[in-house]
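Below is one structure, written out as C-alpha cells; the observations come after it.
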Amino acid sequence: MAVTVEKAQKLGYTCLKALLRFAFMVANNLVAIPSYVLYLIVLQPLRILDSKSFWYIEGVLFKWLLAMVASWGWWAGYTVVEWGDDVKAVSEDEAMVLVNHQATGDVCTLMMCLQDKGTVVRQMMWLMDHIFKYTNFGIVSLIHGDFFIRQGRTHRDQQLVLLKDHLEKYYRSRDRKWIVLFPEGGFLRKRRETSQAFAKKNNLPFLKHVTLPRLGATQVILKTLVAPQENGTPPAGDGLRRESKSKGLQWVIDTTIAYPKGEPIDIQTWILGYRQPAVTHVHYRIFPVKDVPLEPEALTNWLYQRFIEKENLLTHFYETGAFPPPQGQTKAISREMTLSNLWLVAIQSFAFLSGGMWYCLFQYLYHCLF
C-alpha cells in the first residue's frame, strides 16, 4: 500500500509541476512574443535610417526569446554536453550547420547549446518545416527572416527557387552568419523506413540512427553563399553585391545530436518537464567549405559520407555512452555546456516587465481615446 501511495504522490507532483510549467510557458509567450513584435514596430523609423542597427537590436531580442525557450529545458534538468571541435572558434565566420533530426526537441537543444557561442544565435538563420510558421513562434521567425520549407516532391523545385531568392534578399542584408538546416528532411521515425528502402535499392549503406540526407537545400545554400574566390562564380543577386566585404560561407559544421538510450526529447517534454532530468550530447565536426564539392554527384557522395559518419558516431555513443575520440587521438574530450540562471531570470523579468509596460500603455491610450 505504501508503494501505491508513494507512486500516487509522485504522479500527482509530476502532474502539478507539468501544469504549473505549462501555465508559465503560456504566460511567457503572451508577454514575450507580442513585446518582441511591438518593439520592432516602434523601431521601424530606425530600420529606414540605420538598417544595420535595427537588425542588431532585432537579433538581440531574438536571442533572448530563444534563451527563454532554452530556460524551459534548463530548469527541468535537460542539459547538454558537447564533444568534438570547438565551434566557438568559428562563431564570427559564416557557416552552414548540418544537423540530424530525431524530434522537435532538436531545435530546443540547439537553442540552448548555441547560447554561449558569441553572436551566433542573434545572427543565425533557420530552415524549418513550413508547419512551424503556424506555431506561436512563427511570427518571430517570419520577422527574423528564417525560411519555411514545404516538404514533398511536388513542391521541391519551387521551394529551392524560393530558398535561393530568400538567401539573396535577406542573408547578407541582415548580417546573418550561421544557417541551420536538417538535411534528412524529416524526423528519423518518419523517414527511416523509406530511407532504408532507397538505400537497399541503390546499394547504399543500411542506416538505423540517421537517414540518407537530401541534396537540394544544401546545394542551393553552398552555391548562393560561397564567395566567388571559393567557387569561381560571380556573386548571385544584389543582396550579395551590397556586401562586398563578406568572405562568404567559410565552414560547414556537421552536428550530431544524441539522446540517452536513443530516446529523443520532444517539445512537449521540454515544456512540461515530466521526464526525469537528462543530458543530451552534441558532437561537432568542422569542415572548411573549400573542401566541400559543389558538383551534384560529388556533393551527394560527400553528404552521404557525413551521415554514414553520424551513424557510426551514434552507434558508438549508444553502445558506450560517449562519442569516440577524433582520429589519431586516444581520448575524447567532452565539455559541459552551462547557462547562467541569473541571466535567464533577468531575461524573463525583462519579458514580463515589457508585457506589463505595453499593457499599461494600451490601457492609457484606450482611456485617452474613448
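Heads up, the Cβ atoms here are built off N, Cα and C, so glycines get one too.
Just so you know, TrEMBL annotations are computer predictions that nobody has curated.
Noted in TrEMBL for the protein shown:
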- 95-219: domain 'Phospholipid/glycerol acyltransferase' (DOMAIN)
- 20-42: transmembrane segment (TRANSMEM)
- 54-75: transmembrane segment (TRANSMEM)
- 131-149: transmembrane segment (TRANSMEM)
- 342-366: transmembrane segment (TRANSMEM)
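Taken through DSSP, the domain 'Phospholipid/glycerol acyltransferase' (95-219) splits into 58 helix, 18 strand, 49 coil. Nonlocal intrachain contacts for the transmembrane segment (20-42), taken as residues 6+ away from its ends with a CB within less than 8 angstroms of a stretch CB, comprise 54, 57-58, 61-62, 65, 68, 72, 76, 136-137, 139-140, 143, 271-273, 348, 351-352, 354-356, 358.
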